[in-house]
Amino acid sequence: MSVNDDGQMSNSDSFWEVGKYIRTVKRCDNGYQLCNHMKKLIEERSEIEKKYAVMLSEWAKKWNSFLDKGPEYGTTLGAWKGVLGEADEVAELHTQIAEKLMLQVHATIKVWQKENYHKSMMHFKETKDFEDSFRKAQKPWGKRLAKVIAARKEYHTACKTEKSTANQENNARGDPAMSPDQLKKLQDKLRKCQQEVESTREKYNAAVSDLNSYNAKYMEDMTEVYKRCQEFEQKRIEFFKKTLFQLHACLDLSVDSRFNQIYTNLHSTIGNMDYNKDLKWWSANHGVDMAMNWPTFEEYSPELQAISKRGKSNLGSDGGIMITSIKHSREDSFGSFTDQPGPPPQQQQQLPQQQYQQQQSQPAYKTQPSTNSYAAASSGGMDSSTISAVSLNPFGEYDSDEGEQDEETKQESDERLSKDSSPEGDASACAAVAAREPTSTTLTAAQPDKLEASNSNPTPPLKLPRKSIAEKVDKAHSESPVNNGDNPFGDAELDDDNDEGEEPPSSGWMVRALYDYVKSEDDELEFKAGDVFTQIALEDEMGWCRGKKGEKIGFYPKNYVERI
């Protein structure tokens, strides 16, 4: 230790300097804070392990859902599942790591900290004890040091005064103007200063000797307290080492037999992939090894005959239809249909769609006159007579309740139709038919100009319901063997109800709009009556077609247009 000329201690960082022990004391407080930091470190790592486990589980759940609904199959699907199973098992291990970190490591640090650091009002008890012990050991040496500093200051001051007085006496001795009395006073002052220098010098030497003689005791006392601080710090470091080993044991998955087993199982699962087994499974479930209910001859059954393809959308909520009180007769139903020629094709095409809708909506038990009446009326050459619209009943019979009531009227009209060939007779016959069925609509069949005038602004038919949006329509078109132009049975035509069963040419069919159609959805086509555009896809089972009008492509109901 050194002392400067101003009597202050030198700027030294030595532990033995006065007050420098405070850094060792502060180390105890730092130990408590390091315990807090260690706990924080464990908490954050535990949260990371939890989040990692949750992310692995969510990842496995997401891809498991994909595989359950996806196209993969067989042992290859098992390999996919094995990878996701590894994620679930590793997630479970990391969840256990997070729990161990908090229940074992974090809890241990908390208990040790509480046992070794006892907080008082302002300080920890251990810190206060170390500081008091250092102060007590350094206090005697500090007092001696203070005496040395004071003696040094007095000595240096006396030396300075003596030197100044000697200069004045030397100058006065060479000055002739200086009187002998004044010179004598300066010489007396110089002698006193010299005596003062000797006196302070002796005191300074004595103080330094006393300080040096106490250095050994001072070092012994300070070392004893310092050893106690070192032992306390050693205890903290050893605990931290033990804690970090405990942390290592929680994080080290290589020593966990389950961890090695996870990847052993994963390797085995991937090795179980066998393309022969997968292809055989596919062949048995979706390929050539599947069983097939090959078509066989089926006898005609009226009860199982489809009534109308277009009428499916108007069925009841249960999707079925019930026909009651039907008397089937082969002669009545088919004979009457073939005995008389039907109306000309152009007149059939000119029947309004509204009349067709009304015919389709008639209940099964309310039938209209048989087709032979319509054929007889149309073949008689009625020019301006009103023809009663009739429904095509394939059985040619009335229901028992209504048929019995109108039997007499029916016979009279049939006789009149067979006898009369004049327009007046035809008109009277049609009037009789109309009288029998008051709900039927009328149509002038023989006057094209009047027909066109009546259809200039006709009431459009009911819009058929869409089975679904465009995806289902596209799916129905793509999956239907008729729409794909691929008839697996080799027949020329399977659907007699659809006269456009063949695949449209690349340029499509030209159609003309019969009515105005306003689209209700974005994927539909809008047009006006008389517009001509192209049909580019076949009609689906719900009666919807796809067409192209200019640059726009969309869906439209088939009963709103006619092919040209």
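Just so it is clear, glycine is given a Cβ too, placed from its N, Cα and C backbone atoms.
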Stated TrEMBL location of coiled coil, expressed as one of 43-70, 127-154, 183-210, 295-322: 183-210
Local confidence of the prediction over the coiled coil (183-210), expressed as mean pLDDT: 91
DSSP helix/strand/coil residue counts for the domain 'SH3' (506-564): 3 helix, 29 strand, 27 coil
Three-state composition of the region 'Disordered' (160-180), taking helix and strand from DSSP: 15 helix, 0 strand, 6 coil
